[in-house]
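Q: This is the structure I want to talk about, given as structure tokens.
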Amino acid sequence: MESKKVESNAELTPFEKEFKVQLNLPAAYFSVFYAIYVVYMIVSGNFSDLPAVIVLGVIAIGYLFGYRPYKYIVKRRTLEIHRRIGKTKEINLMNCETITDPIAKMTKIITNAHSYEIYMDDGTRQTVAPKDQMGFVDAVVHSNKRIHCQVEEYNQTHRKWEKKRRKEEKKAKRTAAQ
């Protein structure tokens with residue numbers, strides 16, 4: 001995984017697909033409750049701790065909304081993860097082994113149900129949470145045909161399409177043979 005400074009392209013080519021990141025509810029809840037707490041401190045007249053609370057809150061909100069991805073772009077063979085603050089991360093999709101649903105681990109008790117994990121050849125893991133989940137998985141699978149897709153919902157719909165296509169091919173062969 002290399003981190004490169006990538007220029008943002010306003011216009012995407014037909015081979016590039018852009019995906020927005022799904023809203024991070026814990027970060028939104030934190031921001032709302034933080035604002036309520038600051039208002040409470042102002043109303044109650046507790047001005048001695050207010051500067052420290054504001055500085056720490058701005059740092060926390062800056063991290064939650066600045067360093068986290070806000071969009072993904074799947075190009076021909078790469079996945080770009082754009083952040084508002086910091087470098088854009090570029091991942092070579094040809095070095096990816098598997099894209100899968102989130103796997104529960106002992107270190108991470110609560111998994112984000114709307115995220116996917118991409119495992120690299122070197123054993124590293126990248127977690128992504130796009131809004132258009134099936135479109136994102138489809139774009140990644142079409143960029144790297146050798147990637148193992150273990151996303152249950154994508155595999156189920158893909159199997160249905162394959163069954164339909166095979167049935168139609170059989171019917172076409174039968175009608176052509178007669």
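Heads up, residue numbers simply count up from 1 along the chain you see.
Every residue, even glycine, has its Cβ placed from backbone N, Cα and C.
Heads up, TrEMBL stuff is auto-annotated, nobody curated it.
Sharing the record's features from TrEMBL:
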{"type": "COILED", "residues": "151-178", "note": "coiled coil"}
{"type": "TRANSMEM", "residues": "21-43", "note": "transmembrane segment"}
{"type": "TRANSMEM", "residues": "49-67", "note": "transmembrane segment"}
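Situate these features within the shown structure.
A: Beyond the ends of the coiled coil (151-178), by six or more residues, the same chain brings 99-101, 116, 133-134, 137-138, 141 to within a C-beta distance below 8 angstroms of the stretch.
Here the transmembrane segment (21-43) has Cβ contacts under 8 Å with residues 49-50, 53-54, 57, 60-61, 64-65, 68-72, 114-115, 129-131 of the same chain, all six or more residues outside its ends.
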Q: Who are the long-range neighbours of the transmembrane segment (49-67) in its own chain, taking Cβ under 8 Å and residues 6 or more past its ends?
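A: Same-chain residues near the transmembrane segment (49-67) but 6 or more away: 24, 27, 30-31, 34, 37-38, 41-42, 83-86.
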